[in-house]
């Protein structure tokens, strides 16, 4: 069976890169079965890498689980306002705010997303990023990467999605990326490969909001368990708290769900 080129590209880039959650009984995000899609997740028209108009499809309501949906929450972690906190084990990203609050979004995490922890800074931001495999990748797996040796341009066929944020530590590229996705169904789940994916709408707004030099804290497994509490994976691949034990640092603010602006 032959893969279509686009499907093969998804596999190649993923290797290179870095039961549903129960709905809240009151406040917070609407149940997963709801057809409600907040304005921030509706379709958008963006300017592509060559100046062309690109439509970003609306996110399906089925993908907007409680933990996936952009939500403003109380935050008791040690990080200062303006810090981005990535928890690859809880599959969450926070943008810390003043006053003990943060904006939280869901993420998808590939194997590369578990390969780094610590504190880095964003030193490069890319609009509709391109991607090129390394010479070593082409040499060791030519059947997979040789056809992409000259690079894959940014656009709707590039699995990095609409934006990418590149993390550096001590002036060196960590090879850790926060980026969009052309597969919104993956958000909130573990994926076979890749780094940290967000809905395109979320990464676009984050890209616009934070400058180069922004500090990013990537949690360890121990930090995640201590701060978020124990989690379990549902049969359909999402995470949910182990209710009897979980003591997460962030709880959905029941009054804020529809009030969160698209600009974070």
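Cβ coordinates are placed from backbone N, Cα and C, and glycine is handled just like the others.
Because the structure is a prediction, the values reported are computed rather than measured.
Residues annotated as active site, proton donor/acceptor in TrEMBL: 179. The annotation active site, nucleophile is assigned in TrEMBL to 195. As annotated by TrEMBL, domain 'L,D-TPase catalytic' applies to 82-219. According to TrEMBL, the feature signal peptide maps to 1-16.
The Cβ of 179 has fewer other Cβ atoms within 10 Å than any other of the active-site residues 179, 195. Under DSSP, the residues of the domain 'L,D-TPase catalytic' (82-219) split into helix, strand and coil as follows: 30 helix, 51 strand, 57 coil. Rounded to a whole value, the Cα-Cα separation of residue 179 (active site, proton donor/acceptor) and residue 195 (active site, nucleophile) is 8 Å.
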